[in-house]
Amino acid sequence: MKKFSICFISFFFLFFMSMVNFMMMIYFIMNNMVIFLEWEVITLNSVSVVMSILLDWMSLLFMMFVLLISSVVIYYSKSYMSSELNLNRFIILVLLFVFSMILLIISPNIVSILLGWDGLGLVSYCLVIYYQNFKSYNAGMLTALSNRVGDVFILMVISWMLNYGSWNYIFYLMFMKNDYEMYMISSLIIIAAMTKSAQIPFSSWLPAAMAAPTPVSALVHSSTLVTAGVYLLIRFNLLLIDMLFLKILLLLSGLTMFMAGISANYEFDLKKIIALSTLSQLGLMMSILSMGMPDLAFFHLLTHAMFKALLFMCAGVIIHMMNDTQDIRLMGGISNYIPMTSLCMNISNLALCGIPFLAGFYSKDLILEMVSLSNLNLLIYYIYYLSTGLTMFYTIRLIMYLMVNDYNLMSIYNLYDEDYTMLKSMMVLLFMSVISGSMLSWMIFLNPYMIYLPLNMKMMVVYVSLLGGFIGYFVSNMMIYSMNKFLMTYNISSFLCLMWFMPSLSTYGLNYYFLKLGQNLLKYIDLGWSELYSGQGMYYILKNYSIFYNFYQVNNFKIYLFSFVMWMMILYYFMLMKF
Amino acid sequence: MMKFMFMIIFMIPLCFKKNMFWLVQNLMMLMMFMFMNLNISIYYNTNLSYMFSCDIMSFGLILLSIWICMLMLMASENLLKMGFYVNFFLLNMLFMLLMLYLTFSMMNLFMFYLFFEGSLIPTLLLIVGWGYQPERIQAGMYLLFYTLFASLPLLMGIFYIFNKSNNIMFYFLKFMSFDFYLLYFSMILAFLVKMPMYFVHLWLPKAHVEAPVSGSMILAGIMLKLGGYGLLRILILLEKLSLKLNFIWIIISLVGGFYISLKCFCQVDMKSLIAYSSVCHMGVVIGGIMTLNYWGFMGSYLLMIGHGLCSSGMFCLANINFERLNSRSLYINKGMMNFMPSMSLWWFLLMSSNMAAPPSLNLMGEISLINSLMSWSWLSMIMLMLISFFSAGYSLYLYSYTQHGKYYSGLYSFYTGVSREYLLLMLHWLPLNLMILKVDWVMIWF
């Protein structure tokens with residue numbers, strides 16, 4: 001009975017579905033087939049709200065990757081979360097997440113995409129606040145609210161698309177391209193995608209979301225949720241070409257890539273380093289997307305999903321063994337103790353750097369060569385190559401800290417490499433992060449890219465990678481007294497290592513004003529003027545008048561008598577006047 | 001139609017016997033299913049008898065009121081356990097159901113008004129009779145006088161219409177048109193106070209805070225919808241002035257909705273927070289109605305149904321916590337996930353429906369209201385975005401504050417959820433989320 005735990009059943013089911021999707025994808029791509037299903041919810045004024053499903057090779061391939069990663073992640077969490085009391089809740093949440101991701105992938109309709117889009121936000125919120133501590137509380141709130149911005153923009157897109165009488169956006173991408181409303185729609189869509197994919201004004205949530213359990217980070221915050229924005233823009237790409245906003249997106253995503261690369265070098269938290277590298281790769285995808293090459297972005301999205309999930313899973317194993325310590329300064333020399341995990345870690349790290357013939361090489365090298373080939377300004381070009389160097393920089397630094405130096409945590413320790421549940425699930429992804437690049441490049445690029453570069457430009461990737469790698473090596477060997485030299489550049493260092501102050505700005509920088517406004521409104525309007533001019537004010541006025549009249553009525557008998565006489569005299573006077 | 005009225009009336013003798021609580025509840029449910037089988041035409045009023053009739057809108061709202069009244073009985077089992085004037089409570093509940101049923105099924109504007117006001121009495125009795133703190137007297141006064149203050153002009157308006165045209169049947173209102181400012185304001189304001197619009201909403205949080213769970217459920221579930229129902233019926237009469245003047249209410253409601261959602265972040269009382277969130281949602285509904293377009297009318301009706309189920313469920317949850325901790329304060333209602341993990345699921349589901357997550361009716365309603373408001377003026381985009389964002393914010397605030405983290409350490413004893421409560425919440429949530437599959441049933445009403 002123990003064998004058929006919820007983890008195993010979900011693993012089996014998801015893996016099976018993934019393989020089915022794979023077969024279907026091959027069939028679809030061979031026959032150039034698309035299936036489009038529509039189910040009408042309601043028609044109002046001849047506008048149909050429909051739930052639609054689009055199955056083409058792109059959605060099937062993405063689904064295959066999502067299902068594969070989620071299946072192994074669930075299998076992995078059987079061991080990783082084995083001491084968790086509410087394992088069922090955890091697995092059900094992950095399954096719900098996969099479900100909403102699939103709904104997002106298959107729907108080409110802006111109303112029905114909301115089903116997946118909102119679902120991702122809510123379920124990922126539940127997963128981030130899974131642990132019951134303050135850090136996860138704050139991180140969850142930041143994640144959910146940043147993602148909610150995207151939901152709101154999608155809602156606004158829905159209302160703008162009412163102009164066209166249908167929400168199946170794929171029909172309007174070419175046809176309505178020069179329409180004014182379409183400019184509005186595409187800018188809103190870009191902002192929505194930027195929130196989900198954590199581009200620059202909204203990037204603070206991605207490193208914060210590392211408060212989630214590590215399997216969640218492997219599935220949600222590296223390979224699937226964060227790529228939802230990229231995927232949406234890939235679907236919308238026909239619309240976006242030649243737009244001004246896309247140029248802005250290019251700059252912002254390039255800066256995201258650069259910023260994340262630099263911050264990762266200052267970071268000492270193992271999961272945060274990987275999260276920042278995810279952010280950097282997301283910037284790469286977004287930027288190549290905004291240069292008008294959606295297929296390259298999709299390619300990198302898929303290969304990146306594989307090796308990044310693997311990287312997170314290795315990090316999870318290491319964190320488990322280090323008594324839940326995540327600080328890389330306390331790790332070191334683990335390749336002597338856990339060779340298999342170190343192997344996976346290194347392969348995924350190198351695939352991230354784009355070392356030839358691993359998964360990352362095919363996509364990243366192609367992207368960078370296409371960047372060199374296209375007509376760009378120097379700033380963007382520098383940002384691309386500096387970020388590539390920075391990737392190598394933080395990767396080598398991480399490898400040095402983890403694998404080479406001495407073990408620093410405690411004098412008594414127990415590292416073991418025999419957790420086969422975790423290792424087996426990592427093997428699947430290890431295999432995929434070696435082969436997926438070549439496999440995909442043969443499968444989805446029917447006509448090859450023609451690249452024509454001078455030698456130095458061609459070798460530029462190698463130059464910056466080697467340079468970054470050397471710097472990373474030297475930085476990891478830095479002594480404490482040279483670390484202290486950073487104090488000389490305290491301002492710029494804190495600017496760079498705190499992600500350009502984005503986490504502070506998007507939390508303390510914003511919420512104070514809104515909370516203060518809310519408090520003032522409550523104090524001055526609800527408990528102030530509104531009460532004064534309705535309930536309480538009316539009460540006081542009536543009360544005072546009744547006291548006032550009461551004052552005249554509670555008197556001596558003599559005064560009544562006197563006033564009676566007075567009134568009689570006045571009446572008599574008037575009577576005399578009349579006659 | 002009349003048979004249902006008599007069914008309610010003949011249920012009244014049951015209140016005077018002992019141990020009839022669950023029988024009455026079951027009979028209400030039976031009545032709900034009987035009513036569901038009524039023949040309804042989309043285009044016309046059907047089931048005419050005397051002053052009664054039923055079209056899709058009144059059909060949906062009657063269903064909702066029977067449903068909510070039934071759930072109110074389920075929610076207030078505590079009264080039964082303590083023997084706290086159960087018979088009077090049942091009588092009150094049946095009286096309220098009768099009033100609501102008559103309000104929604106009347107064809108005649110005056111009779112509608114009569115029962116619209118009549119439904120205040122059982123609500124007032126609920127609040128001052130079964131409420132918790134001494135402040136409930138003031139809350140009851142607020143409820144009564146806010147509504148009465150604005151609805152006496154409505155009575156005069158109805159007399160004026162009858163005097164001018166000798167007709168106050170709803171169906172014939174569409175053939176008349178009045179261009180008279182005073183009439184416009186007197187007809188509209190009563191419903192706006194009932195909705196409630198921002199600035200005249202003060203009675204609602206007070207009443208909710210002081211009311212027992214059944215009072216809160218009926219207030220959020222049905223009472224607010226009376227205003228929307230009245231507006232949807234009456235605005236066809238006032239088309240000309242509506243085109244000129246409706247922007248006032250739209251602006252007040254949208255800006256007010258944003259302000260209210262900010263105020264929600266300052267609430268520490270769960271019920272008060274949920275009450276403020278109702279005001280925020282009703283602001284969007286007022287906006288949608290006042291745009292006078294088709295999407296707005298449909299969407300406001302749909303959001304009223306959705307919000308009736310959703311906020312009533314939220315009040316149930318607040319009460320479930322209150323029964324265990326004897327406090328509604330967020331400082332004490334913390335970390336409930338440790339005690340009631342299954343209840344936490346329901347918190348999450350209802351909270352997410354409250355912030356209009358798919359596939360709830362609220363989302364569909366909000367989409368159509370956003371459509372209507374955006375086609376009215378695209379500048380309303382700013383306020384709609386803020387409202388939508390912050391309503392997610394306060395829903396998450398409520399959820400995470402009550403469910404996440406450590407529990408209150410002064411807690412002495414505790415018991416987990418009972419199956420009645422789970423059933424109660426499921427009966428709120430299921431129609432809210434499953435009716436999206438047949439949403440035209442609760443959306444297209446003319």
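Glycine too: its Cβ is placed from the backbone N, Cα and C atoms.
Here TrEMBL flags B:1-103 as domain 'NADH:ubiquinone oxidoreductase chain 4 N-terminal'. As annotated by TrEMBL, domain 'NADH:quinone oxidoreductase/Mrp antiporter transmembrane' applies to B:107-389. Under the heading transmembrane segment, TrEMBL lists B:50-73, B:85-104, B:110-131, B:143-162, B:182-204, B:216-235, B:247-266, B:273-295, B:301-322, B:343-364, B:376-401, B:422-444 (among others).
Highest Cβ pair count under 8 Å relative to the transmembrane segment (B:50-73), across stretches B:343-364, B:376-401, B:422-444: B:422-444. Within its own chain, the transmembrane segment (B:110-131) has Cβ neighbours under 8 Å at 51, 76, 79, 84-85, 88-89, 92-93, 95-96, 99-100, 102-103, 137, 139-140, 143-144, 147-148, 151, 154-155, 158, 162, 168, 170, 207, 210-212, 214-215, 218-219, 223, 226, 230, 233, counting only residues six or more beyond its boundaries.
Looking at the domain 'NADH:ubiquinone oxidoreductase chain 4 N-terminal' (B:1-103) alone, the prediction's average pLDDT is 91. For the transmembrane segment (B:182-204), the partner stretch with the most Cβ pairs below 8 Å, chosen from B:216-235, B:247-266, B:273-295, B:376-401, B:422-444, is B:216-235. When the domain 'NADH:ubiquinone oxidoreductase chain 4 N-terminal' (B:1-103) is classified with DSSP, helix, strand and coil residues number 75 helix, 7 strand, 21 coil. A Cβ distance under 8 Å defines the sequence-distant neighbours of the transmembrane segment (B:247-266), meaning residues of its chain 6+ beyond its ends; these are 188, 192, 197-199, 201, 273, 276-277, 279-284, 286-287, 290-291, 373, 376, 380, 383-384, 386-387, 390-391, 393-394, 397. Counted over residue pairs 6 or more apart, the CB atoms of the transmembrane segment (B:422-444) and the transmembrane segment (B:301-322) come under 8 Å in at least three pairs, which marks the two as touching.
The stretch with the most CB contacts under 8 Å to the transmembrane segment (B:376-401), chosen from B:216-235, B:273-295, B:301-322, is B:273-295. Residues 192, 195-198, 201, 204-205, 207-209, 216, 220, 224, 227-228, 231-232, 235, 239, 242-243, 246-247, 249-250, 253-254, 256-257, 260-261, 263-264, 267, 303-304, 307, 311, 314-315, 318, 330, 354, 362, 366, 368-369, 371-373, 375-376, 380, 384, 387, 391, 394-395, 397-398 of the same chain lie 6+ residues outside the transmembrane segment (B:273-295) yet bring a C-beta within less than 8 angstroms of a C-beta in it. Cβ atoms under 8 Å from those of the transmembrane segment (B:301-322) belong to residues 57, 60-61, 64, 67-68, 71, 75, 208, 213, 216-217, 220-222, 224-225, 228-229, 232, 270-271, 274, 277-278, 281-282, 284-285, 288, 328, 333, 336, 343, 346-347, 350-351, 353-354, 360-362, 364-366, 368-369, 402, 417, 421, 424-425, 428-429, 431-432, 435, 439, 442-443, 445 of the same chain, restricted to positions at least 6 beyond its ends.
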